[in-house]
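Positions annotated as signal peptide by Swiss-Prot: 1-16. Summarising the annotation, Swiss-Prot assigns N-linked glycosylation site to Asn58, Asn87, Asn270, Asn300, Asn317, Asn343, Asn441, Asn449, Asn475. The active site, charge relay system annotation in Swiss-Prot covers Ser182, Asp453, His479, and the record cites sequence analysis as its basis.
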Amino acid sequence: MLRNLLLLLLPLLIEAKLPPFFLGRLNGKTLLNHHLDRLTASDGASIQETYPNLQVHNFTQKLDHFDPYNTKTWNQKYFYNPVFSRNNSIIFLMIGGEGPENGKWAANPNVQYLQWAKEFGADVFDLEHRFFGDSWPIPDMQTSSLRYLTTQQALADLAFFIEFMNQQYGFKNPRWVTFGGSYPGSLAAWFRQKYPQLTVGSVASSAPVNLKLDFYEYAMVVEDDLRITDPKCAQATKDAFVQMQKLALTAEGRNSLNNHFNLQPPFDANTTKLDINNFFGNIFNTYQGMTQYTYDGQSNSTHSDKTVRKMCDIMTNATETDVVMRVENLFLWFNQMEPASANLTVMPNSYWDVISQVGSGDLNVLGPDGAAARGWMWLCCNEIGFLQTTNQGNNVFGTGVPLNLFIDMCTDMFGDSMKMSQIMGGNKKSQNYYGGADFYNATNVVLPNGSLDPWHALGTYGTIKSQSLLPYLINGTAHCGDMYPSYDGEPGSLLAARAFVKENVRQFIRYDPNVDGPGGSSSSASLFVVAYIVCGFLFV
């Protein structure tokens, strides 16, 4: 049960005490927007000052696409970039995800798909996800209101948006291609399943389509990455976690952990198993954050510094004989780039602080970061799962992050209507609806994944060339690595991967430079037909 007193905490406390990395995402931002903020750091100029041709609009969206008697509407935010348009009805749509959209994915000409937009003469849109950023179907996040925050409603939002834009901008024989990375990549993949008539293709980067509730495979891939980088790194990590778990068993040992990590609040005589699990979750977050970003093109730090290699250098530093001290050094180093609090030496250590911050349905109490974290947690608890545990048996991280930690979070954040049976039922229903990885079936979709990315374990890898269902595993890259600008010294596999994606986008839109290029006439573009295969799925 939530502690009512803690729900009165100010938004300032929310931003100060949420862990920087929460269920595979940076707090307050989608993974993509976090990366692009680093890539395009400026002197504080607004997005429209930096990109004056970028337009920001709202349009009238339906509240409930599946209840014909519900006529309520709301304003959904989108960005429109006409700079590359040659009026040939080629349209690229970036799908917004689990945080605010800031417009950079519609405007920054250096990201890969905007380079293709320039070459192909595409109009570009970026649609913000319902219940994130400035797009509020209902002006609160009470559990009763969040019934409208589902993947099916989000996909229907996309469909209604495309139909509306076709009319508003007068697109003739439109050739829409959707793009998304991470959770929006899942939406891009599922949109090709459920609404194939509205687009000619999708690029679903790092898209988890297998809706695992207990996502222990995440930790397995992190461990594999450590072993690939340096077998001694994996062993040092295991030794450290074994030692920390031993320390957690006694009052003296817990006091040692207090001193190592400057835990606030510290472990004391009232420490519970839940507190211990929460601590190990915070330690595991550091490994998650390092691995998920490794070698991507977001900034100089991820090119060569904020990498698995650097993490392993710290964990195998022979001059430091105390393996727990190595983990402390890793936390302090990571915390400089992703601060957990204003004091870079402090590790926030209160399970109930997180619950109080994300458990409120009041937007004024939540603040921007708390609202985004609550929305993401709802999606995970209510249907998509992705709960990142260390439940995989014998492993380097031990058993400190069990599924029950997240089940408790779901119940404590959303109430008694969100208990184990409801969580499992909602997850199974969505898995059956979309088919999971084994039964994913669509036409004209490219699904790139990075081999080092823990999320690739939930991808689909069954190629069907006849219907252009095209998974692509990129060796030596991590989360959404294919989407960023190229850089000197990047993994060599990215060059071929980007060329593969681009060529298939070209085929999806049936690009003809004689018609679609400069001086081409959109009126002479031929109407084409794409064959679609639609699968039926079992509803539970």
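Quick reminder: no glycine exception, Cβ is built from N, Cα and C everywhere.
Overlay of Swiss-Prot feature records on the structure.
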residue: Asn58; record: N-linked glycosylation site; Cβ neighbours (10 Å): 13
residue: Ser182; record: active site, charge relay system; Cβ neighbours (10 Å): 25
residue: Asn270; record: N-linked glycosylation site; Cβ neighbours (10 Å): 7
residue: Asn317; record: N-linked glycosylation site; Cβ neighbours (10 Å): 14
residue: Asn343; record: N-linked glycosylation site; Cβ neighbours (10 Å): 13
residue: Asn441; record: N-linked glycosylation site; Cβ neighbours (10 Å): 18
residue: Asn449; record: N-linked glycosylation site; Cβ neighbours (10 Å): 30
residue: Asp453; record: active site, charge relay system; Cβ neighbours (10 Å): 29
residue: Asn475; record: N-linked glycosylation site; Cβ neighbours (10 Å): 13
residue: His479; record: active site, charge relay system; Cβ neighbours (10 Å): 26
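For Asn343 (N-linked glycosylation site), the nearest of the recorded positions Asn58, Asn317, Asn449, Asn475, His479 in terms of C-alpha separation is Asn317. In the shown protein chains, 17 other C-beta atoms lie within 10 A of the C-beta of Asn87 (N-linked glycosylation site). Cα spacing between Asn270 (N-linked glycosylation site) and Ser182 (active site, charge relay system): 39 Å, rounded to the nearest whole number.
The Cα of Asn317 (N-linked glycosylation site) lies closest to that of Asp453, out of the active-site residues Ser182, Asp453, His479. Only Asn449, of the recorded positions Asn58, Asn87, Ser182, Asn441, Asn449, have a C-alpha within 10 angstroms of the C-alpha of Asn475 (N-linked glycosylation site).
Spatially, by CA atoms, the recorded positions Asn58, Ser182, His479 include one closest to Asp453 (active site, charge relay system), and that is His479. Secondary structure at Asn58 (N-linked glycosylation site), taken from DSSP and collapsed to helix, strand or coil, is strand. When the Cα of Ser182 (active site, charge relay system) is compared against those of the recorded positions Asn87, Asn449, His479, the shortest separation belongs to His479.
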